[in-house]
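The [2Fe-2S] cluster 1 binding site annotation in TrEMBL covers Cys30, Cys33, Cys55. Residues annotated as [2Fe-2S] cluster 2 binding site in TrEMBL: Cys95, Cys98, Cys130, Cys132. Per TrEMBL, the feature FAD binding site maps to Val245, Ile246, Met247, Gly248, Asn249, Thr250, Ser251, Val252, Asp348, Leu392, Arg410. The Mo-molybdopterin binding site annotation in TrEMBL covers Gln757, Phe788, Arg902, Gly1069. The substrate binding site annotation in TrEMBL covers Phe904. If you look up TrEMBL, you'll see 217-402 marked as domain 'FAD-binding PCMH-type'.
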Amino acid sequence: MDHCSSLLTVIEKNVDPETMLLPYLRKNRCGACTVMISRYNPITNRIRHHPANACLIPICSLYGTAVTTVEGIGSTHTRIHPVQERIAKCHGTQCGFCTPGMVMSIYTLLRNHPEPTLDQLTDALGGNLCRCTGYRPIIDACKTFCETSGCCQSKENGVCCLDQGINGLPEFEEGSKTSPKLFAEEEFLPLDPTQELIFPPELMIMAEKQPQRTRVFGSERMMWFSPVTLKELLEFKFKYPQAPVIMGNTSVGPEVKFKGVFHPVIISPDRIEELSVVNHTYNGLTLGAGLSLAQVKDILADVVQKLPEEKTQTYHALLKHLGTLAGSQIRNMASLGGHIISRHPDSDLNPILVVGNCTLNLLSKEGKRQIPLNEQFLSKCPNADLKPQEILVSVNIPYSRKLEFVSAFRQAQRQENALAIVNSGMRVFFGEGHGIIRELSISYGGVGPATICAKNSCQKLIGRHWNEEMLDTACRLVLEEISLLGSAPGGKVEFKRTLIISFLFKFYLEVSQILKKMDPVHYPSLADKYESALEDLHSKHHYSTLKYQHIGPKQHPEDPIGHPIMHLSGVKHATGEAIYCDDMPPVDQELFLTFVTSSRAHAKIVSIDLSEALSMPGVVDIMTAEHLSDVNSFCFFTEAEEFLATDKVFCVGQLVCAVLADSEVQAKRAAKQVKIVYQDLEPLILTIEEAIQHNSFFEPERKLEYGNVDEAFKVVDQILEGEIHMGGQEHFYMETQSMLVVPRGEDQEMDVYVSTQFPKYIQDIVASTLKLPANKVMCHVRRVGGAFGGKAFKTGVIAAITAFAANKHGRAVRCVLERGEDMLITGGRHPYLGKYKAGFMNDGRILALDMEHYSNAGTSLDESLLVIEMGLLKMDNAYKFPNLRCRGWACRTNLPSNTAFRGFGFPQAGLITESCIMEVAAKCGLSPEKVRMINMYKEIDQTPYKQEINAKNLIQCWRECMAVSSYSLRKAAVEKFNAENYWKKKGLAMVPLKYPVGLGSRAAGQAAALVHIYLDGSVLVTHGGIEMGQGVHTKMIQVVSRELGMPISNVHLRGTSTETVPNANVSGGSVVADLNGLAVKDACQTLLKRLKPIISKNPKGTWKDWLPWSAVRGLDHLTTLNSVSSRGYESDINWEKGEGHPFEYFVYGAACSEVEIDCLTGDHKNIRTDIVMDVGCSINPAIDIGQIEGAFIQGMGLYTIEELNYSPQGVLHTRGPDQYKIPAICDTPTEFHISLLPPSENSNTLYSSKVKSGVFLGCSVFFAIHDAVNAARRERGLHGPLSLNSPLTPEKIRMACEDKFTKMIPRDEPGSYVPWNVPI
């Protein structure tokens, strides 16, 4: 294994077969989710490098391999690698938790392709996720390795984008100078492949000269056999017929990890040549079952280049799905045989292999056998399946014939690296007949427990002509044969039924188009409008432009304010040296804590049996509510929160007891053995509608009223009423809830190292639980791997229980939640129901608006009341409603408590208002943009809570966005496209933003900082803000550098701690840099004031001149060289009167997005987004632009693909990245343009800067999709009002584009079945 830029040979003699590579590396304090695996093949004399997921690789499978971790390719102690340097200096890191994985994916690609194409780079990153950056800066970093790095590599009209200026975008009207780049590419280290680490020579010698030997590893629970010959493999399979044969562990591994499946024996063949065979026969291709899917992809890509197209139809179809199947890491680990044998119901390849008439070559001690890969095999029928002693050796994939056509289709929640909702393989053979079907084969995945073939339908269509009459018959036959129950697992039943025949229609069109080209006389041509159904969604290489303000000539050259300074920890993120909570080395005698959670949503706990769990090895203790007794709750707001359930549970995922053991593995095994008996209680309330029905609300109701709504309704031209439902959102921070609590033993002191946004709250809740004064509990946070509002109050509950365990046993206790646990326990963004009644004039002016907001708060109050309040205060967005009434309720339901999330109520409240605007525009026959402009604030104005507002910059942002996006020209182009295309539609939408900044109270708007100046001229800064990716520490150092007039290199900033800065507020609400920056600035100015007598004696000196002992000994005392300062914003709101000054200032912006949708599948692609944002005088444009982009992409996910699914019993189905999809690199806008409005006014903010907020602007994509769907509906004669809820998933898009196929499907009567999920 390569480690720390040196070659380290690791010999493990006692390997536990259950140990995966990731925990093994973590134990040795290195590694990340993605590593590079290198293997030498002595037969071909070639080394193969590939990326892999360390969490799925058993270390037993790594004999003779070189494992390269992020630490191995470079570090700050030796040298950093060009990949690490560029991703840091291109500002591709924010929280940094995902960065080592990104680095290793790019690095591995460069080891194989030193000059990659952009397609290769984006493909390499397809298996990596980032929640912070929005991916644009990561793509920028990747582009620097391409030959034409600054170019989009897509010449339109024969002109390169670099020859068009900045994509033809106009400068700002005022003609102020702007900068287009955030980094200097010419300063980067060159990539020199000759300087890379060599493959360890001893491993090469070992592979060539040492005789291959079967390896056996064992533990108390499991045996692992790695045979090296086919004969040995058959012997083991004969001896252990039930043992799985694994190659990449991508099927068995997740079953073991997530479903609790246990295999006492594992057989893992190693480098058996017969399993990697590639044979070209007279009738097809034979591929070894042990080939990885990535190798299969490369082989097929080579074959289709060499053979005529008529022979490679099946290969083309396989390649299409191999391009989107999982990510690069999984494709390089998963084997062809494993994919086939696992027979997942949503397999992307099996439907194609079935229709392609593939066969499987089997082998056992009894001999060879060949079976067809057909529906019976995939259904595991005993007479068509492998026998227990057999193994799959290879797969025969026949060539296609003349006039034989094979196609593949799939639709998923996300375009890439997502399991298909429905997929399909289809084949037709015409023989020599003129369009008469001789053979037809259709199979589907995702619509049953296995891949299903429509055999009967196909048989009835033999002999039919390939025409529309046949198509109509085929659709009806297939719908009858492929029967889906309304309660089918996975839900989306009507969508799946529609996809079944939509795919069939696409296949019909594809084949018809080919036949027409082959024989124009006998086959009718497709209508021009229908051809778009065959084209992929608009896609070209990613391209972006950025505009921010030039530094003025009067600014001192060493003053860093306004410069795009790299993130303070950027390089450490990229080298893996940045320390997160779980990176902290184990403490002597450390214990691990895990939770047992409720499996019922509303029930009485009848009994808890801990006996079996307590008897398991390594278990130290299991704590229940009885153990915590009188400290089992804590009250921060108005309602106490219970830690561990006492006699009742109120949601699935509620904490019931905590298991304490010597290791994580032991704790988790024991947790599964805790037996709890429940008795269900009524009512079970999951949805907002059910809460309204049962009058289940938290107190108090909030109300905001302005003008006279009732009177205004009497004078308007029209009145409409409507509602919109908005689903919740999972935080999906990359670093899950993590903490380490260490009792110090002396004076009852307790150190809490925790990933949190709110150290003071952690200190308070732990002190309360341990019955200690706060000064005995110190909370430390160096950095947080993403938070977005989700690491405050629930983190406190977990920390309190962990601290109680540490205190009870006098030993350090670590608690780190797995992703599924985290999603189940912690809650997220509040689902909302918005109801509105609008009174408006025929010209679009809204004179009266009456609204109701309902949020799904979950089982406890948490921050739900604050979310409702902020939603009400911000619901007007950019509009002046002269008569307004808005009421809000937080609904008490039996779901985990929802909590703060980036935007804090505004993304929901703003969407409700914008939906109302859309409906008013439709009623008036006007464009939504015109109605938005008519109702927009006009410069000096007053908000509904009677705070004065100057909306000049709002109007300027709107106009600039109109200009830079070429809105009018593109609107005309969209309309032209839609008129010419029936099955693809484009939509364009523009949305304004007015984001009020402040937390609603004076207490919440405070911050503090401590600045030390040492006698050598160096400075140490600490403040109350938490670094969680938003770059606050970087900005604080910039502030110190400016105020003290010293280089950034002189300033150091340590993590946040209650030990240095007490009583700090939660880091959130977008004001962390604002408030803490003012405190840091004050502290620096105080220090300068104290040092003025010394500095005045030598005004041209440096800090080294001013701070020798001889100079400072004249000061009153040395504490003069440190200063604590506190600053904040004044804000208040009187809810009784509905008025006040809750916000310090307003941030303005606008976004214009263009999308293209596939009306047959519901898929969509964001073609282009332009954002103009008023951020005042940016302290750090790189950080600010990164925050805008990251927030926008997160908002886009909220409004389009991120969907939480709960069962009717309140169980969360979507736990983890397999089921819950956040935006990936494929979801970023093809063109992404960000412009910062030139500063136009001074304010009392930090250097006249403003916070950044872009989550809400993601709804521009929602409304662009809405626009496209509307276009489709109008063309189909559907002119009524269109109500679309959020998220606007492929399912909702497809079902809203009503057509003959949606009318053809059977519909289930509500109440006639129990659905798989309920809309929350």
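Backbone N, Cα and C define each Cβ position, glycine as well.
Rounded to a whole number, the distance between the Cα atoms of Phe788 (Mo-molybdopterin binding site) and Cys95 ([2Fe-2S] cluster 2 binding site) is 11 Å. Checked against Ser251 (FAD binding site) by C-alpha proximity, the binding-site residues Cys33, Cys130, Gln757, Phe788, Arg902 yield Cys33 as the nearest. Taking the binding-site residues Asn249, Ser251, Gln757 in turn, the residue surrounded by the fewest other Cβ atoms inside 10 Å of its Cβ turns out to be Ser251. Cα-Cα distance from Val245 (FAD binding site) to Cys55 ([2Fe-2S] cluster 1 binding site): 19 Å (rounded to the nearest whole number). Pairwise Cα distances among Val245, Ile246, Met247, Gly248, Asn249, Thr250, Ser251, Val252, Asp348, Leu392, Arg410, the recorded FAD-binding residues, top out at 29 Å.
In this structure the alpha carbons, written CA, of Cys33 ([2Fe-2S] cluster 1 binding site) and Cys98 ([2Fe-2S] cluster 2 binding site) are 8 Å apart. When every Cα pair among Gln757, Phe788, Arg902, Gly1069 is compared, the largest distance found for this Mo-molybdopterin site is 12 Å.
Each residue contributes its Cα atom, and for Asp348 (FAD binding site) and Phe788 (Mo-molybdopterin binding site) these two points are 34 Å apart.
Nearest to the residue listed as 'substrate binding site' in space, judged by Cα atoms and limited to the binding-site residues Cys98, Cys132, Asn249, is Cys132. It is Cys55, among the binding-site residues Cys55, Cys95, Cys98, Cys130, Met247, whose Cβ has the fewest other Cβ atoms within 10 Å in the structure shown. Within 8 Å of the centroid defined by the CB atoms of Cys95, Cys98, Cys130, Cys132, the record's [2Fe-2S] cluster 2 site, lie the Cβ atoms of Thr93, Gln94, Gly96, Phe97, Thr99, Arg131, Thr133, Met734, Gly785, Gly786, Gly1029, Gly1190, excluding the listed residues themselves. Sitting within 8 Å of the Cβ centre of Gln757, Phe788, Arg902, Gly1069, and not among those site residues for Mo-molybdopterin, are the Cβ atoms of Ala787, Gly789, Gly790, Ala900, Phe901, Phe904, Met1028, Ser1067, Gly1068, Ser1070. When averaged over the domain 'FAD-binding PCMH-type' (217-402), pLDDT in the model lands at 95. Among the binding-site residues Cys30, Cys98, Met247, Asn249, not one has its Cα within 10 Å of the Cα of Phe788 (Mo-molybdopterin binding site).
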